[in-house]
Amino acid sequence: MCGIVGVTGTNKTVSILIDGLKRLEYRGYDSAGIYVNDQAGKDFLIKRAGRITNLEAALTPEVQGMAGIGHTRWATHGEPNQANAHPQYSADKRFYLVHNGVIENYKDLKEEYLSDVKFKSQTDTEVIVQLVDKFVTAYDMDTKAALLKVLRLISRDSSYAFALMDKEQPDTLYVAKNKSPLLVGIGKGYNMVGSDALSMLNETNEFMEIEDHELVIVQPDHVTIESFDNEEKHRDTFTVDMDPNAADKGAYPFYMLKEIDEQPAVMRRLVQEYLGANGKPQIDEKLLAQMQEADHLYIVGAGTSYHAGLVGARLFERFAQIPTSVHISSEFAYEQPLLSKKPFFIFLSQSGETADSREVLVHVNENKWPSLTITNVDKSTLSREATHTLLLYAGPEIAVASTKAYTAQVAVEAILAKALGEYLGLEAAQKFDVKDELAKVANGMQALVDSKDEIEAIASHALSKPRNAFYIGRGLDWSVSLEAALKLKEISYVQAEGFASGELKHGTIALIEKNTPVIGIITQSRTAGLTRSNLEETAARGANILTIASRHLAKEDDSIILPDVDEMISPLLSVVPAQLLAYYTSLGKGLDVDKPRNLAKSVTVQ
Ligand code: F6R
């Protein structure tokens, strides 16, 4: 949550900051701001409530500089107005700070050190910048020493990514992080910082990691990394294999539609990356060896990634025959279940930065348990800190509602389950032709995205007016129901729930009124008949029933028919119409599909 950029050493500062912020807008979009300094005596602070376009509109031609910092915000402390937007600055207008994260002990710090300071905002960030100023002016410290003192005072449970500028050293960015993501970008004659690589990819392909509890000093021709004890550290740079244009919307009205449409290509890319010509999974043997030693797999994730984990658990149990449970990371982190003797952890995360999941991984590492992160973002925090990583190869996912990352996660889980099962010599895995099945999935997805018009018509007819809707199914269809309902509620604001269809009559059926949409997902032979009966029970109480059914289980009146694939990976297809139904419902209501209210793409606060 919140995006940070900074640059020093170029007269392109303003355009680099604005371009970077636009690429980070997925991380928060309730207000934005920049501070730039021309190093010849002029500086500018521009902040606006709302989107980056509001900030851009406020820039006059004279706003130029050789260094600057910028921020796009997802409010944690104080409402999203101009005063609370970042950069926050000290009372004497010497220090400017952008921050992503939450300072848990900001009230204590304010009380102890800053009772004489008049605050302009309600943010925790302002406390930090005022505190730096206080230590410099009242205690006669230099900026670095003052910042270090502040960093030591911030409680360990806080999260932050900071970029600080001092008007008296206008070519220097002081940078530090704890839990929140931040990278250095190495340019030619100038250097940058950003919350992710994509925000700097137009300028450079060379990056440097920052670890928690380091102080990084970024100057036009030099980057210094030190521990809090002033010990200088050497850090190699790395490059990222990503096309900066992959994050462009092209002719699409919204990223979400583009990302739904990209799913067949993502499936084909995964086949290319992970399956050899003979269909044999190409998975690191060390990973398989560690997994086969486990007596229980624990899948950890949040939101859509958690839902992908629900599908994965069935795949691992079926093909690798290892008991698997799935956990919501924000729950697991604070209410750890009793673990088996030899646990193996699988983290699912599109961004690789979700704070709740990272909290669990820190604990896993403290206990030296082996782990795997399945993520879309190479070198992300969860990827760096887990024992193993498998990438999703889905390309940047920009829309807040996750689509192609979900299907990529399920596909990678299917490949891994097959690989592990084969490694263990299990027949079910040997018989599962994952390469052929994923090829069928890619074609099936293509057929579904090509029939958008029909799905749009269903959305406008059935989902545009009701306040509530239900997705129901059993087994894997229930797992998809949860994801389908999340998609609908997060972007169209229809209060949607996913239910195990057998549970309806144990309470929820009381909510069914005339015309309440109830959408049944039917892809599993064993339970198809039961789900259909449950749908009829709701119809008898006035529900408007719709069905998404696999061809081999379809009936004449079904609303959407899915091409046939192995039932174990049917979620890869049944989720696609649900994504499109959510998209068209949101579009029909005139909402901003890509940036739903109150949300941000990357949830880096707990
Ligand atoms: C919903 C959505 C979220 C994320 C969740 C976890 O469409 O995108 O529920 O799935 O915030 O994010 P990652 O996968 O980045 O850990």
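Backbone N, Cα and C define each Cβ position, glycine as well.
Annotation source TrEMBL lists domain 'Glutamine amidotransferase type-2' at 2-221. Residues annotated as active site, nucleophile in TrEMBL: Cys2. Among the features that TrEMBL reports, domain 'SIS' is placed at 287-426, 459-596. Look at TrEMBL and you will find Lys601 tagged as active site, for Fru-6P isomerization activity.
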Distance check, please: Cα of the residue listed as 'active site, for Fru-6P isomerization activity' against Cα of Cys2 (active site, nucleophile), rounded to an integer number of angstrom. 10
Run through the Cβ atoms and count how many others sit within 10 Å of the one on Lys601 (active site, for Fru-6P isomerization activity). 24
Residue counts for the domain 'SIS' (287-426) under DSSP, helix then strand then coil, are 65 helix, 27 strand, 48 coil
Count the Cβ atoms, other than its own, that fall within 10 Å of the Cβ of Cys2 (active site, nucleophile), considering every protein chain shown. 28
What does the DSSP secondary structure composition of the domain 'SIS' (459-596) look like, as residue counts for helix, strand and coil? 71 helix, 28 strand, 39 coil
Give me the mean pLDDT over the domain 'SIS' (459-596), rounded to a whole number. 96
